[in-house]
Amino acid sequence: MQAKDSNPPDGGYGWVVVVSAFMVMGLTVAVLKTFGLFFVEIQQHFDELASTTSWITSVTIAVFHLGAPVASSLCVQYSHRTVMITGGLLAFSGMALGFFGFNMVWMYATTGFLQGLGISFSWTPAISIVSHYFSKKRALANAIVSAGECAFAFTFGPFFQWLISQYGWKGALLIIGGIQLNICVCGVLMRPLAKDKSPFIHKSFNWMLVRRPEFMLYAIFGILAAMSFFVPPLFLVPLSYSLGIDESWTASLLSILAMVDFGGRLLCGWYANLHVTKTIHLLAMTITLISTSLMLLPLANNYLSLAIFTGFYGFFFGTTVAIHITALADVVGMPEFDSALGLFMLIRSTGGFVGPPLIANGFLEGLKQNSLKTVLQRSQ
């Protein structure tokens, strides 16, 4: 039972909701985005293969997506506020229990499953409620919210590296979990929209959206995006190491990624808000550009070229992420948006689940070749 407002305020308290959602993006997706800094530490601690270690992130991404329909359904039945507070507690639990680090299976269950569920129960209501508060300014509001992960990732890169150097990777996980408890505070600020005179309207989760061809085509885009667009940041750190780049410079790559990503989101959100180009057409252009930048990755062989690639990739990634939720709302319409968001994330989970391990196999071969070249160059 939840109130739906046929005329979104497009401002007012909606901007408080935007700021809260902005914070949630930083405390969830930004943490996931910079988790690559833990990759080598965890791999060396358990003496496991890169593909085995990457399953931690795979589980996180998959559960993040798989939990979205559940989160959406709970938002419909209860409130965005309740679901988000629950998400904050789950995210904290995942990191806090990961501190014990008994074995790799334990890491899958804690920093993988629990963290992923916490992110899902925090991210989904945050994105959903913003779209309900805004109509004409929806593209701009969603872009500002999505920029939260970039703003936080910009500082999380060097901050997480410092935490690892001072407290070890286990201690860093515990501290990060404590920081994620602030999601609960953001959840309290998510005031539900209510009609002044009309009674509450009952709404159920609509699974029948899978019969709509336009929604399924958009879902296929989501699968391919999860398999490719979201993977590079996870392997950026080990790739830089293989090229012989100093550890201190490696963290700067994540900061560069965050800065240009941030700029791309705000710029694209502003442009989309002008309504000059249809959102779906704008999305098609950004997808073409980010795909091109990914194909240029093999050309990177030093810090400068890797930084340039990171810049192009980050900017076009930001433009894509800034409008893909707004495009989904345009495809299905706001009455079905909550259900569509949950189903979209569920279907997209297949790409997030198989993407990192699949790419890790090819990535390992590339690392071996790069490492061999680095050794030969230094021996000459």
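Along the chain as shown, the residues are counted starting at 1.
Heads up, the Cβ atoms here are built off N, Cα and C, so glycines get one too.
For reference, TrEMBL has these:
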{"type": "DOMAIN", "residues": "14-380", "note": "domain 'Major facilitator superfamily (MFS) profile'"}
{"type": "TRANSMEM", "residues": "12-35", "note": "transmembrane segment"}
{"type": "TRANSMEM", "residues": "55-76", "note": "transmembrane segment"}
{"type": "TRANSMEM", "residues": "83-106", "note": "transmembrane segment"}
{"type": "TRANSMEM", "residues": "112-133", "note": "transmembrane segment"}
{"type": "TRANSMEM", "residues": "140-160", "note": "transmembrane segment"}
{"type": "TRANSMEM", "residues": "172-194", "note": "transmembrane segment"}
{"type": "TRANSMEM", "residues": "215-237", "note": "transmembrane segment"}
{"type": "TRANSMEM", "residues": "280-300", "note": "transmembrane segment"}
{"type": "TRANSMEM", "residues": "306-329", "note": "transmembrane segment"}
{"type": "TRANSMEM", "residues": "341-364", "note": "transmembrane segment"}
Contacting positions for the transmembrane segment (12-35) when only residues 6+ beyond its ends and CB under 8 Å are counted: 57, 60-61, 64, 84, 87-88, 91, 115, 118-119, 122-123, 126-127, 129-130, 133-134, 141, 144-153, 156-157, 160, 176, 179-180, 182-183, 186-187, 189-191, 233-234, 254, 258
Seg_contact(the transmembrane segment (215-237), the transmembrane segment (140-160)) with at least 3 CB pairs under 8 angstroms, min sep 6: no
Segment-segment contact (the transmembrane segment (83-106); the transmembrane segment (140-160)) at 3 or more Cβ pairs under 8 Å: no
Most Cβ pairs under 8 Å with the transmembrane segment (280-300), selected from 140-160, 172-194, 306-329: 306-329
Remote residues contacting the transmembrane segment (55-76) - C-beta distance under 8 A, at least 6 residues beyond either end: 2, 32, 35, 39, 42, 82-83, 87, 104, 107-108, 111-113, 115-117, 119-121, 123-125, 128-129, 203-205, 226, 230, 234, 338-339, 341-346, 348-349, 352-357
Segment confidence, the domain 'Major facilitator superfamily (MFS) profile' (14-380), expressed as mean pLDDT: 86
Cβ-Cβ under 8 Å with the transmembrane segment (306-329): same-chain residues at least 6 beyond its ends: 127, 131, 138-139, 142-143, 146-147, 150, 218, 225, 229, 232, 236, 239-240, 243, 245, 252-253, 256-269, 272, 279-280, 282-283, 286-287, 289-290, 293-294, 296-297, 299-300, 337, 340-341, 344
